[in-house]
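Trainee: Pasting in a structure now, in C-alpha cells, and then I'll have a few things to ask.
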Amino acid sequence: MAVPPVEMYSGSFWNRMRKPLPLRTQVIRFTVVFVIVSFILAVALQITHERMPDPKVTKPLPDLGFELLTKVPGMYVLADCCIGFLNILSVFTAFKLYLLHRHCVGSGEPELPCNIPGVSRFFLSVWLCKENCRIELRNVHTIAWIRFITSYALLLLFRSVVIVMTSFPAPDDLCQNPPKIENPVKNVILTVLTAGGGSIHCGDLMYSGHTVILTLHLMFHWIYGAMVHWSFRPVVTVVAIFSYYCIVASRFHYTDDVLVAIYLTIATFIAVGHNADGAPWQLQLFIRWWPCCGANSREMTEDSQPVMVAFKSEAAGQSSRKVVDERNH
C-alpha cells in the first residue's frame, strides 16, 4: 500500500490547495461541471420515470396544499413563462453588473456600431449601485455567475440522488397515463437541451426542479439585482411567489416538493457565498486538477494592472525594480 508523501500533511500542501484558481478558469470549468451534472440528472429522470408507481394502482398522496388551493390544470405553463422571464432578467442584470465592473476598473461604456436613441442608453449605460454597495464591484459579474452556477450544479446533483431513492405517485394529470420512452438516448439529450421541457419524464417529485431555478433567480436578484435597480427585488419576489402557486395549483408537484426546494436553494446559495476568490476552496478542489479549460495559476489574471514596486536588495545593497501584477480582487 502506497504511503502518502510527507508533504501532504504539511501546511504548505494545504496552502497550495487553498490557493484560488483564476476566476475565468472557474467560470469555464464550473460551467462544464454543470453540463455534466445536467446529463447525470437526465439519466436519473429516466430511471425515475421507469420506477414511478402505476397511477392506476397508487393514488396521489394527501396534500394540504391541494386541499387549500383549487386545482387549475395547465397553470404550470405560466410557471414556465415566469422562469423564461426571470432567465432574461438575470442575463440583463449580469450584463449590468459587467458594466459596473468596467466602471470600477476605469473602462469606458461600450458603444454600438450605430447609436439608437434611448435603446443604447438603456442597455449600455452604467446604473450606479445604490443598494448592496458593500460588495466589491471589480469582477462582480464573474463572481455572481460562479456563485449561481455552482449552487445550481450542487442542487441538481443532489436532486439526481433524491428522485431515484424514493418514488412517489404522480399528482399531475399528464403523468396519469405516462408515455413509454422509446429512445432513451434521445430522451436524455432532449432533457439536457430543453431543460426537461421537450423530453418525457414523470415521477421526479422530491424536490421540485422548477422551484430550484425560480428560487435561484430570486436569491440572485435579492443580492445582485438590488445593485442594478431597486425594483428588481419586489418584482422577482412577486413573480417567484406566483410561480410557486402555479406549480401547486396545477398539481405539478406536491407542496413539500416546493417547500423543500425553496429551503435547500436558499441554504445552498448562502453557503456558497460571495467571495473575491470565487467559489469556496473546497469546491475548487474538484476542478483544480483539470489539465484543460483554463490556467491553474493566478499570476496573470484578467483585468490586472501592472504596478511598479521598488525594493532594496539586502545582499547587494543596491536598488532594483520589478513589475508585479496586482491581485485580481
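The backbone N, Cα and C atoms fix where each Cβ goes, glycine too.
Since we're looking at a predicted model, the values are computed, not measured.
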Trainee: Per the topological domains given in Swiss-Prot, are Glu109 and Cys292 together on one face of the membrane?
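Mentor: In Swiss-Prot, Glu109 shares its side of the membrane with Cys292.
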Trainee: If we skip the immediate neighbours and take only residues 6+ beyond the ends of the topological domain 'Extracellular' (169-211), which ones have a Cβ under 8 Å from one of its Cβ atoms?
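Mentor: 35, 38-39, 41-46, 48-53, 55, 58-61, 63, 66, 73, 76, 79-80, 83, 156, 159, 162-163, 243-244, 247, 250-254, 256-258, 260-262, 264-265.
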Trainee: Pull the DSSP breakdown for the topological domain 'Extracellular' (169-211) and write it out as helix, strand, coil residue counts.
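Mentor: Across the topological domain 'Extracellular' (169-211), the residues distribute as 16 helix, 0 strand, 27 coil.
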Trainee: So what sits near Asp257 (active site) in its own chain, CB-to-CB under 8 Å and at least six residues off in sequence?
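Mentor: Once residues fewer than 6 apart are set aside, Asp257 (active site) is near Leu205, Met206, Tyr207, Ser208, Thr211.
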Trainee: Would you please pick out, from the active-site residues His210, His253, the one with the fewest other Cβ atoms within 10 Å of its Cβ?
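Mentor: Relative to the other active-site residues in His210, His253, His210 has the fewest Cβ atoms within 10 Å.
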Trainee: So which residues does the transmembrane segment (234-254) touch in its own chain, when a touch means Cβ under 8 Å and the partner is 6 or more beyond its ends?
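Mentor: Counting only partners 6 or more residues beyond its ends, the transmembrane segment (234-254) has Cβ contacts under 8 Å with 60-61, 63, 65-66, 69-76, 78-79, 82-83, 85-86, 89, 168, 171-173, 205-206, 208, 210-211, 214-215, 217-218, 221-222, 225, 262.
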Trainee: Distance between His253 (active site) and His210 (active site) at the Cα atoms, whole Å?
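Mentor: His253 (active site) to His210 (active site), Cα-Cα distance: 9 Å.
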